[in-house]
Amino acid sequence: MNDELYARLRAELRGEILRDEPMARHTSLKVGGAADFFVTPADRDDLTALLALLAETGTPYLVVGGGYNLLVRDGGIRGVVISLARLDEMTLLAGERVMAGAGVTNRQFVQLLRDRGLGGLEFLCGIPGTVGGALAMNAGAHGGAVVDRVEELLTIRDGEMLQTGRDGLDYGYRFLRLAPGEIIVGATFRLDPADPDQIGARIAGYLEHRAASQKVGFPNAGSFFKNPEGTAAWRLIDETGLRGERVGGAQVSEAHANFLINRGGATAADFLALATRINEAVKQRTGITLEEEVRIVGEE
């Protein structure tokens, strides 16, 4: 089946197609088994063609962003992993609005907004990854959240391009709920006019804060757990005494207790075991069950 699917992918798509691709190459944690196929569609039309082919053949798939909030288990991923990296268009619109594709990096997006004097999403400068990934998890920092600036979300579902205004979205702290099979391809954002120098100063301040508080020095996925209501996950972890705790090559960062880092040679199983140890300790001490902020996928 994989040989037949590979032949059709190569014949019917224009984007890059990789076979038996180690997901450790595509995640910031640098762990994860191989995907049967790793496909980067050339554009929206290519993505539409790919989804039609996968539906026809009954092939499972998983969409990924920049891999910064993703933990892939050591058994890898069956079917097709879809990268939206080539959906990287940015278009300036009237009225302080910008359309950004899902594959645009947060850094690129923030730089464009700064240069054009458009404020409101400066906090994205310290969040690695892509606009699509930021939307999918409603990324936020410094009191801001990305979906709050969305005017219209662009998605594809069942081969149809959809446009949904923010009032029609179901979202909250670190989540944006989509229909099964619905894929984010971009969004139109409404920003505020602002002086580019003031925007740049805010960006510099956010980056300075990030460097001071999150300089961990090893591969990581950012905050591993969501903050429970009314408190911070890092504080709960720190109070258990697990800062610096290690399982195999995975370790609780000495610099930030909610960052789990790859000290070298870590496996996904190491991270999962360490996360379980943390959660058990926090629950025993406080009664709180921590919820992972990272997305955990793949086979054992």
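Cβ atoms are placed via backbone N, Cα and C, with glycine included.
As annotated by Swiss-Prot, active site applies to ARG174 (among others). In the shown protein chains, 16 other C-beta atoms lie within 10 A of the C-beta of ARG174 (active site).
Other Cβ atoms within 10 Å of the Cβ of SER223 (active site, proton donor), summed over all protein chains shown, number 21. As annotated by Swiss-Prot, active site, proton donor applies to SER223.
Within the same chain, the residues at least 6 positions away from GLU293 (active site) whose Cβ sits under 8 Å from its Cβ are ASN69, MET137, ARG174, GLY222, SER223, PHE224, PHE225, LYS226, listed in sequence order. Feature annotation from Swiss-Prot assigns active site to GLU293 (among others).
Within the model, the domain 'FAD-binding PCMH-type' (30-194) carries an average pLDDT of 96. Residues or ranges marked as domain 'FAD-binding PCMH-type' by Swiss-Prot: 30-194.
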